[in-house]
Amino acid sequence: MEIVIRSLRNRIYDFLSIYILIRKNIRCNSFTGLMEQKTENKKEEILPFNGLRAFAIIVVFVYHYYFYSGYTAANKNSILEAFIEMLHHFEVNLFFILSGFLISMALWKEWSENGRIRYLDFFLKRNYRLLPVYYLFITISYWINRASYSFSQKWVATKELSVPDKLTALHVMESTDNGLRNAWGDFVFLGNYLRGPNIHTWFLSIIEQFYLIFPFFCGFVLFKRDFFTRQCILWCLYLIPGILRIYIYLNPDIFGTDYETLVFRPTHTRADSIVIGVILMDWIVNRGDYLKKYLSGRMISFLLILLPVLILVFVNLKSESIYSFFSGTVRFNLIDFVYVSILLSVILFPNTFLAKGLSVKFFAPISNLSYTIYIWHLLLSLISFGALKLLLPDLFETGLTFFVLSLLLSFLFTLGVSWLIHRYVEEPLSRLFKRIFSSSSGRH
């Protein structure tokens, strides 16, 4: 009898040991383990994110191409204008949300494994690829704008212009001069607070500010709290930018009406889109099984797709202009919820039509080049547009047909040149940057 009891006790101990080991490996729930496995190996990444990144960069490209290619100066098309206005609602919110989601997931993974965050290693790892090509671009951009300004000065001084044309030229030159004076902001990631020569680097400044500050916030505050407390902190942070936007709009006598500078670019009025990505990560990683249980079923899956459509219809009907009170305040939050619904759908239910559609291999090259495209797309699209206008002058005045044709050709040109930049400039610079800083970071 004693032998039987001892044998039974040993079996129980063995069972408990195996159970504890399994629990440790899956880190509290199976969904967390799955997400960690997906992000640990690039081959097992969250595939629908490729489609979402590709969609986001295409939207940005089309929107900027329409306004900065010179097309609108020569053509007016109400249908196209309505379409471009709709694209404006998508903006860069998705990039912000994905950044918040993926960066916080990487930080949580390191915290879960090591109980701490190696801040310098994390920052360098995130920027081996980003910073070299970023600094290369803003340096080239600065000298191009400097040369253009000098040429414009000589041209205005020697050219006989009418008074209106001369005033317009002087206004453009003054704007360029102010941009050059503020160009230093891009070099220290303050381009979202200073109007420099580049109209799109404000987004990258916000992302880099997030990389610099958020890991410390996670290590010293956020990750030391339980799930409920973390969510309370994050939701409070999410509400602050929206409240600030409303306050700015309600007090034009204090702040003025330059909403591009006051609302659309500052970190303190746009960070909510990043925070919602962190909130989503916390739910997916730490309450993923719970979400999957209560959001499963055809009706819920259908609502996760229907809700974004209804919100987008409402936003388009409600928005009078991009600088209206609605567009500059709650619209950002509504677009956030559109993307959160889509992300919940494709992450929790990877076998749905939407998730599989976003996972097709066609999107992978565009997704992988999305950062390079974003950095260089304005310069490259202007070059391609100018070449098309020179080579096909008769098509320039043909309205929508020319726009669609030139847009496709410009995007293919930008995609091809971005690949060349990535392959022969970005990757060598990234390796050099890594070689220089890896040894110093390894000592920390």
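For all residues, glycine too, the Cβ spot is worked out from N, Cα and C.
Annotated transmembrane segment per TrEMBL: 46-66, 86-108, 128-145, 202-223, 232-250, 298-317, 337-359, 371-392, 398-421, in sequence order. The domain 'Acyltransferase 3' annotation in TrEMBL covers 49-422.
Listed by sequence, the residues of this chain that lie at least six past the ends of the transmembrane segment (337-359) yet keep a Cβ under 8 A from its Cβ atoms are 46-52, 55, 93-94, 97, 101, 276, 280, 284, 288, 291-292, 295-296, 301, 304-305, 307-308, 311-312. With a threshold of 8 Å between CB atoms, the same-chain residues lying at least 6 positions outside the transmembrane segment (298-317) that come near it are 85-86, 89, 331, 334-335, 337-339, 341-342, 344-345, 349, 352, 354.
Residues 57, 60-61, 64-65, 68-71, 129-130, 133-134, 137, 141, 144, 198-200, 203-204, 402, 406, 409-411, 413-415, 417-419, 421-422, 426 of the same chain lie 6+ residues outside the transmembrane segment (371-392) yet bring a C-beta within less than 8 angstroms of a C-beta in it.
Taking pairs at least six residues apart, the transmembrane segment (398-421) and the transmembrane segment (46-66) share three or more Cβ pairs below 8 Å and count as touching. Within the same chain, residues 92, 95-96, 99-100, 103-104, 107-108, 111, 116-117, 119, 122-123, 126-127, 130, 134, 185-186, 189-193, 230, 233-234, 265, 267, 270-271, 274, 374-375 sit at least 6 positions outside the transmembrane segment (202-223) and bring their C-beta atoms closer than 8 Å to a C-beta of that stretch. Long-range Cβ contacts of the transmembrane segment (86-108) within its own chain (Cβ-Cβ under 8 Å, at least 6 residues beyond either end) map to 35, 39, 49, 52-53, 55-56, 59-60, 62-63, 117, 122, 126, 203, 206-207, 210-211, 214-215, 218-219, 223, 270, 273-278, 280-282, 284-285, 312, 315-316, 319, 322, 331-332, 335-336, 339-340, 343. Away from its own ends, the transmembrane segment (128-145) comes close to residues 176, 179-180, 183, 186-187, 197-198, 201, 204, 208, 371-372, 375-376, 379, 421, 425-426, 429-430, 432-434, 437 of its chain (Cβ-Cβ under 8 Å, at least six residues beyond either end). Here the domain 'Acyltransferase 3' (49-422) has a mean pLDDT of 89 out of 100.
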